[in-house]
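Below is one structure, written out as structure tokens; comments come after it.
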Amino acid sequence: MQSTSSTSSGSCSRPLEGSTLNSGGSAENVARDGGSGDDSVGIGDENPSGSSAATNGHDSKHNGFIVNNNGSSSRIVDGENNRENTSCSGVQLDKSNQEIIRLIGQYLHDVGLDKSVQTLMLESGCYLEHPSATKFREHVLMGDWSKADSDLKDLEPLIDNGKLATITEMKFILLEQKYLEHLDDGNPLDALHVLRSELTPLQHNITRVHQLSSYMMCSTNQDLYQRAKWEGKGILSRALVMERLQTFMPPSVMMSPRRLRTLLQQAVELQSQHCPCHDMAWETNLETVSLLTDHCCTTDGFPMQTIQILTDHCDEVWFCKFSPDGLKLATGSKDSTVIIWDVDPYKLTLKHRRVLDGQAQLSVSFVSWSPDSKLILVGGTEDSHELYIWNVDDGKLVVKFSQSLEDSLACGAFSRDGARFVCGGQKGQLYLCDLNGTIVDSWEGVRVNSIAFRADNKTILAADNHYRIRGYNFDSPRSDFDILREPHPIMTFSINSADRLALLNVSNQGLHLWDIEDKCLVRRFQGIRQSNFAIHSCFGGVNESFVASGSEDKVVYIWHIKREEPLAKLAGHTKTVNCVSWNPVYPSLLASASDDATVRIWGPKPNGSSATTESDDCSSSSSSSSWNMT
């Protein structure tokens, strides 16, 4: 950015006149100033007093430079070495303080406070960048390519120790802009000269040279802008070129654009990573946070204590699942019943709707909801050969599926489009069926513990007795393939809504998180106790930022998806917690099913109460939670 400004010359009392602006800023800032600014501040300009070249030279040994102050103490501008600088006010500035002042100066200029920058630089005795870098910036923004090339020669010893490849790439960037501007001006012969006599001899990025040559055929300037993806001749495109060139320069010579904002953004992101309750749907940037306090998401609205206990089952409750619309909960029990509960999202309470008890002598081990929340698929243990599909609105049995008395149908799931379901078990059957219960296809010899459809509605994932999760595609051509393998039996698993992560409950190992696209183990969550019984975990919270699982130690565990240590331990059940389900629409609700024949509904604590107090709805039973906020 070209601008007239002032800097110090042996005195703190007045600025120099006729010097050049060094912004160290961004393309946006250059565009804002329009490439000029008579009232701007001069920072890092050449010594205007006519002193020798050595005065404005650089000490290559230290990769910095010393500016003559006409008799005053020298100001050492050295961002790479631990050397002190004496400011005009007599304050000794070490390397760290010099860098902070330079960062502040760059930021102040970016927001347009140029007079403040002038005062800061005069009083501190610091410069934002090397004087040769200032000239280089000025000439690039002016489009004076011959002078910019000369400036680059002066800067060579400071850039990557004068490495030829780096200097060549920088020259290429300059000549590329020069070539495009000639085309924009309607000077194809000048552009051709640059292409043949300046760009081609560099022998750099030949593919790009060929691409540039094709722009000679552009019939209009707009065609050139579109094909080259270029802003056109002017201050904005030159500022973007300057940003590219800055990346090659050490920070002691020229800081990268928006450096302070970059550091602050990194700090905010690091704080969000350390936030135990961080909501990953919340965009972490400088516009959404306060820099005056450390970031920490609150636990308001988080399911942290029992708000209701459902006691309608008369035996162990093995499964619970909220519907996709968040307005219903299905619970399945060893007592052969499935109970449908209505969710009041405003009062955060559940009300008994109906009992589905047509599956006589079937201990209900799993329930799967259709995507429209109207149907449920119900199955039993590995000894069961039947599955049931119920309409939850009218309570009618839609399908009773059974292929053979020898079958084991202990797991099943609807497809993501709700048009089909898949089921299987430990005796080697894997059936793909339509909603009438007609077998569309089957796969023999597949012994599975848990099953799920992927989002493509074609691929079925199944955990088998070889400690694997494999993919099965029934479409032509049929295919099966390994997704992942564990060293111990996979008891159950679930897939997140983004269809990228799998949450596995592994025998004697606990809870593991896998990336099923990259096929790698992401995290081992600590805390739960699990032997050889089926425990069902889930993703949940806003944007599925958390995971939860039951445990044989009677506790519900909650983790942030990026932390191995449990975030919360929800106590209240008196026996093993078999299953947990997080409401997908109302993330303040979490359900847990237990061998103690109850289903607990966990919700936010009332305002003013502690995490260990009980709500009025469950005063007859103990309920508490412990929170790990470290």
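Cβ atoms here come from the backbone N, Cα and C positions, even for glycine.
What Swiss-Prot says about this protein:
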{"type": "COMPBIAS", "residues": "1-13", "note": "compositional bias 'Low complexity'"}
{"type": "COMPBIAS", "residues": "48-57", "note": "compositional bias 'Polar residues'"}
{"type": "COMPBIAS", "residues": "66-75", "note": "compositional bias 'Polar residues'"}
{"type": "DOMAIN", "residues": "96-128", "note": "domain 'LisH'"}
{"type": "DOMAIN", "residues": "129-190", "note": "domain 'CTLH'"}
{"type": "REPEAT", "residues": "312-351", "note": "repeat 'WD 1'"}
{"type": "REPEAT", "residues": "359-400", "note": "repeat 'WD 2'"}
{"type": "REPEAT", "residues": "404-443", "note": "repeat 'WD 3'"}
{"type": "REPEAT", "residues": "445-482", "note": "repeat 'WD 4'"}
{"type": "REPEAT", "residues": "485-524", "note": "repeat 'WD 5'"}
{"type": "REPEAT", "residues": "572-612", "note": "repeat 'WD 7'"}
{"type": "COMPBIAS", "residues": "609-630", "note": "compositional bias 'Low complexity'"}
Q: Restricting to the repeat 'WD 5' (485-524), report the mean pLDDT as a whole number.
A: 96
Q. Going along the chain, which residues at least six beyond the ends of the repeat 'WD 5' (485-524) come within the CB cut-off of under 8 Å?
A. 449-450, 452, 454-455, 461, 463, 465-469, 530-539, 544, 547, 549, 557, 559, 561-562, 564, 584
**Q.** Distal contacts, the repeat 'WD 4' (445-482) - CB-CB under 8 A, six or more residues away
**A.** 410-417, 419-420, 422-430, 432, 488-495, 499, 502, 504, 514, 516, 534
Q. Can you count helix, strand and coil residues in the repeat 'WD 5' (485-524) using DSSP?
A. 0 helix, 24 strand, 16 coil
Q) Can you count helix, strand and coil residues in the repeat 'WD 7' (572-612) using DSSP? A) 0 helix, 16 strand, 25 coil
(Q) Is it possible to list how many residues within the repeat 'WD 4' (445-482) are helical, extended or coil according to DSSP? (A) 0 helix, 22 strand, 16 coil
